[in-house]
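Chemist: Dumping the structure here so I can ask a few things about it.
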Amino acid sequence: MEIKWLPWLIIAYGLEGLGYIVTGTFIVSIADKTSIFSIDPAIVWMVVGLGAIPSCIIWSTLAKKWGFVKSLIFSMILQSIGIALPVFWLSQSSLIISALLFGATFMGITTLATTLARQMSPSNSSRIIGYLTAIYAVGQMIGPTIAGILLSYTQSFNTALIGAASVVFIGAMLLVSGIRFDRMPNIETTN
């Protein structure tokens, strides 16, 4: 994979940082504030952890079979579905599934993105991973702030969750666009 594909990865990974953190920050609060959730809301965070335990190994294995970019796109789409799930189907089961999808993707996405960075530029991978980490961190700072503002205005997590899911999905679609852009032939114009 060529280095010219890097901007697509950096932007997509920044959007991942912006979107995933909303669920990471608020999923236990969502369970706590939902009257249908009859068990201890902390169970939701345990499910996130159970999903995260095998995630890096699973996504790395899938990446060897499907390719790292396709696996990254798929994991981000799965994560966006998990983020939005409680908006469209609010139940104890949906919160558990959302937590499982979140746990099964967020660490895998980091593994896939950093591996892609290493593949793009093995001799300069530390710098590229630094860029990825910085943009991800900026997203992590902005995401909960925006979600908190939306929550205070709407008194519901739904808008924040839809926004977060949309941002992660847009990141996945940018990766698809990056693939298409990268495959376009160079067109030189002559005067």
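Glycine residues also receive a Cβ, built from the backbone N, Cα and C atoms like all the rest.
What TrEMBL records for this protein is below:
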| type | residues | note |
| --- | --- | --- |
| DOMAIN | 5-191 | domain 'Major facilitator superfamily (MFS) profile' |
| TRANSMEM | 7-30 | transmembrane segment |
| TRANSMEM | 42-60 | transmembrane segment |
| TRANSMEM | 72-89 | transmembrane segment |
| TRANSMEM | 95-116 | transmembrane segment |
| TRANSMEM | 128-151 | transmembrane segment |
| TRANSMEM | 157-176 | transmembrane segment |
Chemist: With CB pairs under 8 Å as the measure, which of the listed stretches 42-60, 72-89, 95-116, 128-151 comes out on top against the transmembrane segment (7-30)?
Modeler: 128-151
Chemist: Among 42-60, 72-89, 128-151, 157-176, which stretch has the highest count of C-beta pairs below 8 Å with the transmembrane segment (95-116)?
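Modeler: Out of the listed stretches, 42-60 contacts the transmembrane segment (95-116) most.
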Chemist: Is the transmembrane segment (72-89) packed against any residues at least 6 beyond its ends, judged by a Cβ distance under 8 Å, and which are they?
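Modeler: Residues 12, 16, 19-20, 22-23, 30, 59, 62-63, 66, 95, 97-102, 104-106, 108-109, 112-113, 116, 157-158, 161-162, 164-166, 168-169, 171-172, 175-176.
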Chemist: Does the transmembrane segment (128-151) make contact with the transmembrane segment (157-176) through 3 or more Cβ pairs under 8 Å, each pair 6 or more apart in sequence?
Modeler: yes
Chemist: Within the same chain, where does the transmembrane segment (157-176) have neighbours whose Cβ lies under 8 angstroms from its own Cβ atoms, ignoring anything closer than 6 residues to its ends? I mean 6 or more beyond.
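Modeler: For the transmembrane segment (157-176), the sequence-distant neighbours (Cβ-Cβ under 8 Å, at least 6 residues beyond its ends) are 8-9, 11-16, 18-23, 26, 29-30, 33, 69, 72-73, 76-77, 79-81, 83-84, 86-87, 143, 146-148, 150-151.
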Chemist: Mean pLDDT, the domain 'Major facilitator superfamily (MFS) profile' (5-191)?
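Modeler: On average, pLDDT over the domain 'Major facilitator superfamily (MFS) profile' (5-191) sits at 92.
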